[in-house]
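Taken from TrEMBL as is:
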{"type": "TRANSMEM", "residues": "B:20-40", "note": "transmembrane segment"}
{"type": "TRANSMEM", "residues": "B:52-73", "note": "transmembrane segment"}
{"type": "TRANSMEM", "residues": "B:80-97", "note": "transmembrane segment"}
{"type": "TRANSMEM", "residues": "B:103-125", "note": "transmembrane segment"}
{"type": "TRANSMEM", "residues": "B:132-151", "note": "transmembrane segment"}
{"type": "TRANSMEM", "residues": "B:171-193", "note": "transmembrane segment"}
{"type": "TRANSMEM", "residues": "B:223-246", "note": "transmembrane segment"}
{"type": "TRANSMEM", "residues": "B:252-272", "note": "transmembrane segment"}
{"type": "TRANSMEM", "residues": "B:279-301", "note": "transmembrane segment"}
{"type": "TRANSMEM", "residues": "B:307-325", "note": "transmembrane segment"}
Amino acid sequence: MRTWKDRMRHSTRGLGFVALVLIVAAIFGALEPRFLSYVSLNGIARHMAANGLAALGLTFVVIVRKFDLSIAGVAAFCAMSMGALIAAGWPLWSVILAGLALGAVIGGISGIAISRFGLPDIVTTIAVGSIGTGLAFIYTGGRSIFQNFFTSGITDLNDAKLMGLGVSMWLLVAIYALAWFVLSRTRTGLAFYATGENPMAAHFSGIATRRFVALAYVLCAMCTVLAVLLILAESGTAETNKGANLMMPAYAGVFLGAAIMGGTSVIASFGGILLITMLLDGFALMGLPYYYSDGVVSLILLIGVLAFSDGARGTLEALRFLFWPQKPTKPTAKGSDA
Amino acid sequence: MTMTSTVKFAQSRPRGRKIARLTTDLWLVVAVIVVTLGIASQRPQLLDAVNIATVLKSFSIMVVMVLGLTWVIASGKIDVSFMQVAALSNMICAYALAQGWSWGGAIVVALLAGALVGLINGWLVASMRLPALIVTISTAGICASIAAALGKGTVIRIADPGPLEPLLQPALGGAVPMIVVPVLLIAAVAWFVQERLSFGRYIYALGQNEAAVRAVGVPVVKLTVVLFVLSGVSSALAGILLASSLSSGQPMIGGPFLINGLTVVLLGGMMVRVGKPNILGTLTATLFIGVLFSGATLLGLPDFQRQIIQGGLLLTGLIVATIAASHHGARTAGQ
């Protein structure tokens, strides 16, 4: 169990994170007053819902120490499949269930290929993603699908509000709360972490590590489906390039959050994706051309990961030693949890 | 199953082993010939001089782009920034020419940009110990953004075809562009380095067991940085060739090359040194993919079907390579 000191350090990092979010909000608010308007904040909440769901899926995969690069492909194929079903007149709930099932199957294929058959995760998911991107074209050959979208009720996911907050935001909070409970408060969650930390030890502790790796990919694909569902709800059409912009923010959110909070967790991903979405929307509002957004996200990700890496900490220690050679440096325990 | 029996057979009889060895070494060459003949029987245009020249031109550019990547993957790392490095150098070239620079200056700057990205990748991966995927995915995003920003999101046209243009034109009987010769020379040098110099041995040793290589005193950090720099420079060179070939800088050109590049490197890793990416395998696989895609275009398959086929090929390559590697591991462990 966590000691009092651990808790302190954790909450210090959490407070730092909140401060960082407030500072970013204040800077954008000062530069562009519209940033803090209700419309803009609502937009951030909606974008965060989509980005956040993709990031949550990725969180599971990153916790078992793997990568998933099929997010864009899975999103494209499932978006077009759901669009085709809506156009065929299926009721919305069955469309969502079918989309989730399809995502689970694709995630299961990647997951089993990687966990059971030992294929390399990065290239396998790139291949699966490529097949998904190609399959997205089979329904219409690349044309967008919009039939029945406005009568199916999918746009309510974007427009409807509950106590002043969009439905999508409530969905995000609910799913994050569920994921937080499972990962931080149950044996299942512990098994995910153990699988990532040391698969061998986890295996000998009686954890079916392969099953948890596969499960992580299934959950990642299903979260991606929900994320792209929200994008469909926002735009009112299904297009083959929907979801192409989900992957970079997801990676940036998960790794930035992990870097700042000192470990991958649901809360870290939530904070990370909040920060990333604020930055993206802020820059967009200030009129930064669209082609800079990937670069900005990448740069933030790189700086974040670098700034909180062990290597950077070593460099800092070395510098301190250079400038104050007499001062006895206390052994820091921080290295262990970062 | 077939794999298992081949291995057992190979163990029991030396001659069988030789045949099995030859099959694993050369099956991709056979595949190239079979695919070529198969498509040519349906679409004879495949073997027209003009079409051969087109295939060989894209073959040359592709080989240049992934030469460095082959070694990065062989050393157990990954570089997913290579295609955006090519896009960046492509745009730098076009931008510099549009600013009134000479081709020589543009090429030097573009190559330096590639080397710089490689240096940053290598430093972050080797010295700062960051995960290679996260580092290169980020540098890829940054390169793509800079490339697009140079042309403000659109294409930059190149008026002067430049000194590389004649190399890309069909010569030697109208079927072989001259660029093939220097590319094959570079590949031959790379093959020599990989097979005969300790540098090459270190690359594969690094892929097997980095800690052990470090322990015997090989400068692992320097080696990794050099591999990433080579990858950056070779992709940048491909970007320059693309600029000359297309007479323009195309900011979005990188995207499709990611899956292409990984496919040829991993498919190539299934021959000669089974389970390990190598130069000869990359060359053959690039030719294979080139013929396959030219054939797909001639047969009228739409773009997205090619993408599905390619994903399937990549998966197949991975599965076979994984099986081969596990058998190899079991065999060496057993002896």
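Glycine residues also receive a Cβ, built from the backbone N, Cα and C atoms like all the rest.
B:132-151 is the stretch from B:52-73, B:132-151, B:307-325 with the greatest number of Cβ pairs below 8 Å to the transmembrane segment (B:103-125).
Per-stretch counts of Cβ pairs under 8 Å to the transmembrane segment (B:52-73) identify B:223-246 as the leading one among B:80-97, B:223-246, B:252-272, B:279-301, B:307-325. In this chain, the transmembrane segment (B:307-325) does not touch the transmembrane segment (B:80-97); fewer than three CB pairs sit within less than 8 A of each other, excluding pairs fewer than 6 residues apart. Two recorded stretches are said to be in contact when at least 3 C-beta pairs lie under 8 angstroms, sequence spacing 6 or more; the transmembrane segment (B:307-325) and the transmembrane segment (B:252-272) meet this definition.
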